[in-house]
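Visitor: Sharing a structure with you now.
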Number of protein chains: 2
Amino acid sequence: MLYLIGLGLGDATDITVKGLQAVRSCSRVYLEAYTSVLTVGKEALEEYYGKQLILADRDLVEQGADEILENADVTDVAFLVVGDPFGATTHSDLVLRAVNAGIPYKVIHNASVMNAVGCCGLQLYNFGETVSVVFWTETWRPESFYDKICKNRKAGLHTLCLLVCHLVKVLIIDFRGKKIYEPPRFMTVSQAADQLIQIIHRRREEGEELGMTEDTVCVGVARLGSDDQMIRVGTLHQLVSCNLGAPLHSLVITGRLHPLEVDMLRLNAEPNALENLHMIDSSVYIS
Amino acid sequence: MLYLIGLGLGDATDITVKGLQAVRSCSRVYLEAYTSVLTVGKEALEEYYGKQLILADRDLVEQGADEILENADVTDVAFLVVGDPFGATTHSDLVLRAVNAGIPYKVIHNASVMNAVGCCGLQLYNFGETVSVVFWTETWRPESFYDKICKNRKAGLHTLCLLVCHLVKVLIIDFRGKKIYEPPRFMTVSQAADQLIQIIHRRREEGEELGMTEDTVCVGVARLGSDDQMIRVGTLHQLVSCNLGAPLHSLVITGRLHPLEVDMLRLNAEPNALENLHMIDSSVYIS
C-alpha cells in the first residue's frame, strides 16, 4: 500500500492520529521536501514519529518514482506531504504510477493553506480561482496573476495568492540558454504586494481601468496553522512595508465583503486599513 | 482559552494529535452537530477521546454562545467541528463573541471537503466559486447555483457543489407563513444531478444558450476521507442513476481539464463517461 499522508501546517503534532499510525506501520517513509515547509525540520519529525525519513526532492519524485514504489505491493510505504497531499501541489503523477503498477493507495487528508486560510475571517466559498506569484527577473515579469485577481474581484470573489517558495536551489535556464542555480528563497507578503503595486502603476500609466488599487484591502498570512502564525490586514500599500518573518507567506486580495467578514478582518487590521471600504448594496462592502 | 478544533472527515482518528491533546486538556468539550457528520457518532468519539461531549445544536451555538464561553477566560473549552472550523461553515460569530469577552482563542485546523475534494484528481487551484444546493419545494426552486456553475465553466473552472444536509429537523416557514418542520435528511449526488438536469431542460426549452449539458463530466463523492469513501465520475446524466450510499455527498462540475486531470478522473469513471471530452487548445479538454 502507498499511503499519501498530509502533515498539516504547523509542527510535528499537526499530523492526524490516523496518519501517525500509518507512518509508524510503514517500512519506508518519504518526506516530500521541495514545495512546502513546516515550522520544524526533518529531525524533529523523525524524533516525534519514531521513524527515519527519506527526503524526496523533486528529482526523486519525478524521475525516481520507481524507487519510492518499490515493493509497495507487498509492504507499506508512506509519502508525507506538508499540508494535504492534494492541496496546492498535487501528487497525481505518483498516484497514477502506483495504480499502473497494481499498487493500492490511500490518502490521509489534512489541512492545507487552501482551506486553513479561512481563519482570517473570509468565507472560503467566496474565493475564486487561486493564483501563484513568482519572482520576477529582469527579463520575465509575468502579470497574468493580476488579471485573474481582477476577474475574481469583478465577480465579487476573494483571491488566494500562493507565493513561490524554493526550499532547495532551483535550476533556471535564462533567455540566452545559460544555466543559473537560484538559491533557496521564499517570497514575502511585502514582495508580492510590491510586485502588484508595480503592475497597478504600469497599467494606470497606460490608462487602463483598474480592477484593484493600492487601497484594496488585502490579508497577509505567515506560518498559517503554527503557534506563531501572523495575520495582517491592510491596504495593499500598507502590506508593502509589513514584516511577517519566516516562511511560508500567502496573500489574499479581498472581493466583496460581508459585514461578518469585515468584523473578522478588524481583529487583525492595521490602523485605518478598513476606512476605504464602501457599501455597494444591502450591506456588502468593497474596497 | 477557546479551542476551535477540526475533526477532519472520516472517523475518530482523523483528529490531529495536537487537536486530541487539546480536547483531553479541556474542562468542557462541545461537538457542533448540525452542519456535518463523521462516519461515527458522538459515543464513538467520546470513547476515543476519553471525554464527555456536549452536543451543540444550532440554537446553542447561535443563541447560547454565552454558555459555551462561560469561564473560558480561566479554563479551557473546546468546540469541535467536523472538517475544519473555517471550512464550508465558518464559526466567525463564536470567535467574535470570544474576542469581545476578552477570551483568547486558538484554531486547530484539519481537512475539509473544500480541500480534500482534490483527491478526485481535479486541481484545487482550478476551482471557482463554491455553490450550495438545497432541496426544492413545490414553491421554491432556486436556480442561482446553476448560473454560478456556468460562470465558473466559462472561465474554465471546476465547481464544488455542497449538498444540503440537515442532521436535525429544521424549521421552515412556507410562503403562507405556516411553520413546517423538515425531517433530518441529506441530498444525494443523484438528487443534485436530477435538479441540475431539470434546470437544463427548462432553459433549453426557453432557447437559452447552455453553459453545461447532460453530457458534462461531473464527479460525485461520498463520505470523503473515510475508509469507505466513493468517487464516481460520469456525465451529469449518468450520475442521476448512481447510488453512493450514506452521507455526506458532494458533486463537482468540471470546467477545462488538463490531461493529467483526465487521467486521474479515468480511475473512477463510468463506462464512456469521458468519451464526450474534446480538446480545445494545447491539449486542454472540455465537455
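Including glycine, each Cβ sits where the backbone N, Cα and C put it.
In TrEMBL, annotation is done automatically, which means it is predicted and not curated.
Pulled these from TrEMBL:
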type	residues	note
BINDING	B:Leu9, B:Asp84, B:Gly87, B:Ser112, B:Val113, B:Leu163, B:Leu224, B:His249	S-adenosyl-L-methionine binding site
DOMAIN	B:1-239	domain 'Tetrapyrrole methylase'
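Show me how these features fit into the shown structure, please.
Guide: Cβ-based neighbour count (10 Å, all protein chains) for B:Leu163 (S-adenosyl-L-methionine binding site) stands at 22.
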Visitor: Let me know how many other Cβ atoms fall within 10 Å of the Cβ of B:Leu224 (S-adenosyl-L-methionine binding site).
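Guide: 23, counting other Cβ atoms within 10 Å of B:Leu224 (S-adenosyl-L-methionine binding site).
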Visitor: Which whole-number mean pLDDT does the model give the domain 'Tetrapyrrole methylase' (B:1-239)?
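Guide: Result for the domain 'Tetrapyrrole methylase' (B:1-239): average pLDDT 92.
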Visitor: Could you tell me which of the binding-site residues B:Ser112, B:Val113, B:Leu163, B:His249 sit with their CB under 8 A from some CB of chain A, listed in sequence order (or 'none')?
Guide: B:Ser112
